[in-house]
Amino acid sequence: MARPDDAEEGPAVVPGHPLAKGYLPVLRSAPDGEACAEPHDGPEAENRGPAHGPVVAGAPDGPQALLAAEEETQARLLPADGGEDGPVPTRSPRTALSPRRFVVLLVFSSYSLVNAFHWIQYSIISNVFEGFYGVSALHINWLSMVYMLAYVPLIFPATWLLDTRGLRLTALLGSGLNCLGSWVKCGSVQRHLFWVTMLGQSLCSVAQVFILGLPSRIASVWFGPKEVSTACATAVLGNQLGAAVGFLLPPVLVPNTQNNTDLLAYNINIMFYGTAFISTFLFFLTVIAFTEKPLLPPSQAQAALRDSPPVEYSYKISIWNLFRNIPFVLLLVSYGIMTGAFYSVSTLLNQMILTYYEGEEVNAGRIGLTLVVAGMVGSILCGLWLDYTKTYKQTTLIVYILSFFGMLVFTFTLDLQYIMVVFVTGGILGFFMTGYLPLGFEFAVEITYPESEGTSSGLLNASAQIFGILFTLAQGKLMSDYGPMAGNIFVCAWMFLGIVLTALIKSDLRRHNINMGLTNGDIKAVPVDSLIDQKPKVVMLSKQSESSL
């Protein structure tokens, strides 16, 4: 039944109109959460009931006024009665994909490639550098392991820098230190200057700290939800391609000419100077092309983060939240085991091959190339599969199991005296083992959202470096005492443990849920009479959902 004073309030509101449910339109000229709720003067304003709510000050009466006011409103309507009538209609933030994202990805992948080349260029011809510098195999192994050693203590300040100072500065540091280390190496091509080449390699290893944590951050900040996993895989692929080139080129550029030291020094100079010029060119490209973020967010997940109320960032709290997240801790250990095994096998590959196939330095490099190129294909296919299916845990577990079996096959066929068999088994091992790397990054981002991608991926890489050092030292010792098979079986045992840990991870795809509109948090609508919360956050996300604890 109509109230007696309804006739005095002007034209009736059409049923279903937002004002009929008590929603207050917010003018475009007013900031979010703020509206003028001053009633008109006169007895009519005093008799208004709560069913219609207040009207916007200064608006003319009549149906035309309602239409004009509605055209002036934002898509988000705030309920006057606390939203009891149903969910609040919201407009998704505007998103767009920037063409510049491909330039950023290409530049990053290129200098990441050069950094990975620095890592492996000594180990794949370890016997050549042992003879040139007159040092032991352990000294040459440390030229690779310094990458792992430097990463562990420096990852925390590096991820803090990424989270507080941004993507561009971190990228400039990675590319710049890579360039500096390349030029230092150019001054080390004398037999007594091993310490100089170690210094140059150490600078490159510090650069790596500012490189390895960026793939997932670049993918999230620059790419849309349907391409983010592929973009992450492509960024990781640059590093893998650098390892592939590092397996292929050094045996070709620096053949074993120990009887002619001058020729050997000349060949090493060619390799070092070529790398330095390329690193310099890529540094200038980074300065020109690398920007912090696109003008508009590429996904709803990024838009939600940008629209969040500004709060003081606490790196310690972020780290604490990650270590309270049990699925992430399980992934942290299992990822470290798998990637550490890859680092160890890559570092010791030359010594494994030469144990059974003497004088096959070039083929050892080609086997390493096969391992990494197959892994690059695996990375891209895994990234495409994730973008299509979003089956993060299932894919990660299957690839882990297949990597384990690939390592078993590689171990027990290495001594068959058929080097073509090693090419095939190395390719199978690389396809799954290297293809796993981007899976771990993307899975971590999903189960830790909205924590920083740089922090989660940085911790994954720190775990990988720790396991890489331990595995390289232990496997190297087992190889020298008992042969390559003993060292490889040691790695297989740890990979089996990694399978068990991966199976225990509880999948909670938070970022995917945000992009699909299925949030773990609450949708918050601010009442009209709220005088405190003037600038609401529409989607409220807790840092860690209860299901992850």
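The backbone N, Cα and C atoms fix where each Cβ goes, and this holds for glycine too.
Worth saying up front: this structure is predicted, and the values here are computed from it rather than measured.
Record features, source TrEMBL:
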type	residues	note
REGION	1-61	region 'Disordered'
COMPBIAS	37-49	compositional bias 'Basic and acidic residues'
TRANSMEM	102-120	transmembrane segment
DOMAIN	104-510	domain 'Major facilitator superfamily (MFS) profile'
TRANSMEM	140-162	transmembrane segment
TRANSMEM	192-216	transmembrane segment
TRANSMEM	270-290	transmembrane segment
TRANSMEM	326-345	transmembrane segment
TRANSMEM	365-385	transmembrane segment
TRANSMEM	397-414	transmembrane segment
TRANSMEM	420-439	transmembrane segment
TRANSMEM	459-479	transmembrane segment
TRANSMEM	485-505	transmembrane segment
Ranked first among 102-120, 192-216, 326-345, 397-414, 420-439 for CB pairs under 8 angstroms with the transmembrane segment (270-290): 102-120
Across the domain 'Major facilitator superfamily (MFS) profile' (104-510), average pLDDT on the 0 to 100 scale: 86
Selection from 102-120, 326-345, 459-479, the stretch that has most Cβ pairs under 8 A to the transmembrane segment (420-439): 326-345
Segment proximity, the transmembrane segment (140-162) to the transmembrane segment (459-479), 3 or more C-beta pairs under 8 Å: yes
Long-range environment of the transmembrane segment (326-345) - Cβ separation under 8 angstroms, sequence gap at least 6: 144, 148, 352, 371, 400, 403, 407, 429, 433-434, 436-437, 440, 443-444, 447-448, 456, 459-461, 463-472, 475, 488, 491, 494-495, 497-499, 501-502, 504-508, 548-549
